[in-house]
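S.K.: Taken from TrEMBL, the feature domain 'CMP/dCMP-type deaminase' applies to 36-145. The annotation Zn(2+) binding site is assigned in TrEMBL to His87, Cys117, Cys120. Per TrEMBL, active site, proton donor is recorded for Glu89.
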Amino acid sequence: MDIERAARRLAVELTRGAGTWTASLQARILETPQDDFVTDPLSAAFDAARAAFAADEVPVGATIVRNGAIIAVAGNRTLRDRDPTAHAEMLAIRAACATLRTERLTDCDLYVTLEPCAMCAAAISFARIRRLYFGAEDPKGGGVEHGARVFSQKTCHHAPEVYGGLREREAAELLRAFFQARR
């Protein structure tokens, strides 16, 4: 299976409102031999962000990877779900925990198009995610390298390895286009 085809199919499913992590998508991804499934998790996160944009949601997407395979992908759904906690990271963490049947994601990595907010950073810590990769920094609402700096607090139970600035320009432009369209 080709990652671009899978990501396009995922974007279509998300845009149709099929949910964060459909059973059919889960089966297609998890049944694909790892050698044949060359993944680019950040591209899948960007596809989820573009699907969120198309649904008039803030364009943020997240992907969770375990052992080189994508196990969860989500885009923001706060408006659709009428849930202020339905951020891409929260939805991806919930889906990954459900898929793996555990509350700990110690051998998982999270890829997200925007620096997580304080709420999402706390969830990342509680889930014990191993590594966090993100695109654009968020000076106003970020909770990792800006604002609350959750992983630097004494009360933080677990701090993942953090790698920011990946495809930052692309992520920032997607957000800029979204907010300019609403002015």
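Here the Cβ of each residue, glycine as well, is placed from N, Cα and C on the backbone.
Structural setting of the listed features?
M.R.: For Cys120 (Zn(2+) binding site), the same-chain residues lying six or more positions away in sequence with a CB closer than 8 A to its CB are His87, Glu89, Met90, Val112, Gly143. In the three-state DSSP scheme, Cys120 (Zn(2+) binding site) is classed as helix.
A simple way to gauge crowding: the CB of Glu89 (active site, proton donor) has 29 other CB atoms within 10 angstroms, across all the protein chains here.
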S.K.: Near Cys117 (Zn(2+) binding site), which residues of its chain come within a Cβ-Cβ distance under 8 Å, counting only those 6 or more away in sequence?
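M.R.: Non-local contacts for Cys117 (Zn(2+) binding site): His87, Asp138, Gly141, Gly142, Gly143, Gly147.
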S.K.: For Glu89 (active site, proton donor), what is the secondary structure state per DSSP, taken as helix, strand or coil?
M.R.: helix
